[in-house]
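Trainee: Quick one: structure below, then a few questions.
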Amino acid sequence: MAPSLDFSKWWARDNNSSKGTPVVVTMENPNYSVLEINGPDEVFRPVDKDRGKNAKQFTWVLLLKAHKAVGCLAWLGNVLWELFGAIKKRLIFGQMENEKSGKGRLLYRVIMGFLVMALAFLAFEVVAHLKGWHYFENSNLHIPETLEIRGWLHSVYVAWLEFRADCIAPAIQALTNFCVALFLIQSADRILLCLGCFWIKFKKIKPQIEGVPYKSDFLEGSGYNYPKVLVQIPMCNEREVYEQSISAVCQLDWPKERLLIQVLDDSDDESIQWLIKGEVTQWSQRGVNIIYRHRLVRTGYKAGNLKSAMNCDYVKDYEFVAIFDADFQPNPDFLKLTVPHFKDNPELGLVQARWAFVNKDENLLTRLQNINLCFHFEVEQQVNGVFLNFFGFNGTAGVWRIKALEDSGGWLERTTVEDMDIAVRAHLNGWKFIFLNDVKVLCELPESYEAYKKQQHRWHSGPMHLFRLCLPAIITSKMMFWKKANLILLFFLLRKLILPFYSFTLFCIILPLTMFVPEAELSMWVICYVPIFMSFINILPSPRSFPFIVPYLLFENTMSVTKFNAMISGLFQLGSSYEWIVTKKAGRSSESDLLAVEERESKAMNHPQLYRGTSDSGLSELNKLKEHQEAAAPKPPVKKLNKIYKKELALAFLLLTAAVRSLLSAQGVHFYFLLFQGISFLLVGLDLIGEQMS
């Protein structure tokens, strides 16, 4: 801070002559201006920055500012031009999404109905605004008692205002208050989970291994009692990822005679079957205990595949089973870090590891998925594992005690979320779960919006279908009451049903309607402050994603359409609730995996005697495999197109129409939210997010 220089007291001593005589200084150089001093205090007053500048300097300043403005306008115009070009190209070459379920078509018709009504209301309001019929003051209707009717259109408009205020607004306001209450409850749940996570970090709470853990020094012949572990890799038409997953599992650090690997191939493409069978044969020749299984009757999707594998006679000799999906690549020490937790802990039924993603920075879609899944594992799974010993099994990267699976009824084919199904039934039978946040298994995120949307549909329709099936068993179980309440109210209703319901209803339906029915108000803190705060909380586990907080908020509201549709399908057991579509993989590997593959291939070329010890039948089998591998060489890819999603586009136009309506009432925050949310729906509806097909 600059020192205070106040000399007024000194000047006041000179017989009250503080003002002094005015002095005019005139310079011959026109670059200087005239300065008039009226007194001693005038010298120490702030000087105007523009004083002393001549006409040339003002001209240059204006030119610089104009140059900056033109540059900003050019950049904005370039962005809009590219956006419109992409939209035009997508509309010409895009492929329209095919709605298979009747519920999806019904939801699209409902959204289109709202859009048509919004356009009609907007036209009506514009005409009324141009004619000067202003009967609103701070979103409240004020119709004068002595109103002069100016024609039939004016009378219709006044009647519509009265009907809207008396009948429509109360219903919308009641639904708004209900959704806001659900929103606040769900926000409180998220805050409590975050507080629990902070407590875990502060106290450094983590599951501990009881007794002496297994060490790499203990070899197979040392007499140390390693438990027998079965590893299962279920897959279906996984051409892109089968090799790296089998390779990673075969390199697990565990005694060979205490480990058996099952490759459970449900592929219906014969060429892919031979490729996988060839990979299994190669690892078998290297001394790995690995078996290839293929079902002739492919029923029950993944649950049926796992159930069939567990029915093998040799499974009864094994104590634990580890499950990895086809795109998962565990580290060699995975079993050494997970299986020891079962030692001296007979009530433990499941040890779940965390997922890590090799392609999280591939595009904007994968970055936004990473935010959600980091919160799921870092906060939800870890907190529930520490304080409740229960969470939903993630279907992969976990180790089960086989006795816990058998006591819980084994794998059932009744839903598409067999992992959550077995977890709930094991919890009802008293088994405990452990989540290891520091044990990570590499996997892939869907890179295209089409694959991600199908995955999210299955993840949100299956739990509602399961809830209907499990509710009687939960109510009649012998668990403590608070555990039943947690399972029903928090695990199923709040996190699986309420979240997609209020997100879609509040931000995609009610908010646009309040622009056309201003008597029903939606507070600014509901659409601005609380959502941003909750998005901030969700991003905390992945701090590098903070620059994407606004896209994350808009994208989550955009995905609420898919989640709401899936939730309704599962709750009412519609056709799409039991539909399983394998998530498309790109076959990406980490740098260490690529180096390992290269090293393995170089060793294979340097040691051609790898199969010399095989019998004649074995050699003939290998020759057949090579022939089929050559026949199954990658064919030229079929040209694929990005799709156009009708529901998202209809909601985009609905939100943009509501944004135009908000301009008439000068609602700034509402306008910007509706505008950016509408653009977000437009980009997603045209499939301009995620992987782009050339």
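In case you wondered, yes, glycine gets a Cβ from its N, Cα and C as well.
Annotations in TrEMBL come from automatic prediction, not curation.
In case it's useful when we look at the structure, here is the feature table from TrEMBL:
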- 321-522: domain 'Glycosyltransferase 2-like' (DOMAIN)
- 106-130: transmembrane segment (TRANSMEM)
- 180-200: transmembrane segment (TRANSMEM)
- 487-516: transmembrane segment (TRANSMEM)
- 522-540: transmembrane segment (TRANSMEM)
- 649-664: transmembrane segment (TRANSMEM)
Trainee: For the transmembrane segment (180-200), could you work out the same-chain residues 6 or more beyond its ends whose Cβ comes under 8 Å from its Cβ atoms?
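Mentor: That would be 206, 378-380, 382-383, 386-387, 490, 494-495, 498-499, 501-502, 506, 526, 530, 533-534, 537-538, 540-541.
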Trainee: Same-chain Cβ contacts of the transmembrane segment (649-664) under 8 Å, 6 or more residues past its ends?
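Mentor: Contacts of the transmembrane segment (649-664) (Cβ under 8 Å, skipping residues fewer than 6 from its ends): 108, 111-112, 114-115, 118-119, 121-122, 125-126, 129, 508, 511-513, 515-516, 561, 670-671, 674-675, 677-682, 685-686.
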Trainee: Do any residues, 6 or more residues outside the transmembrane segment (487-516), come within under 8 Å Cβ-to-Cβ of it, and if so which ones?
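Mentor: Sequence-remote neighbours of the transmembrane segment (487-516) are 114, 117-118, 121-122, 125, 172, 175-176, 179-180, 182-183, 185-186, 189, 380, 392, 424, 427, 460, 463-464, 467, 471, 474, 479, 522, 526-527, 556-557, 560-561, 563-564, 566-567, 571, 651, 654-655, 657-659, 661-662, 665, 667, 670, 673-674, 677.
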Trainee: Are there residues at least 6 beyond the ends of the transmembrane segment (106-130) whose Cβ is under 8 Å from a Cβ of it, and what are they?
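Mentor: Beyond its ends, the transmembrane segment (106-130) has Cβ neighbours at 99, 153, 157, 160, 509, 512-513, 516, 561, 564-565, 568, 646-647, 650-651, 653-654, 657-658, 660-661, 664.
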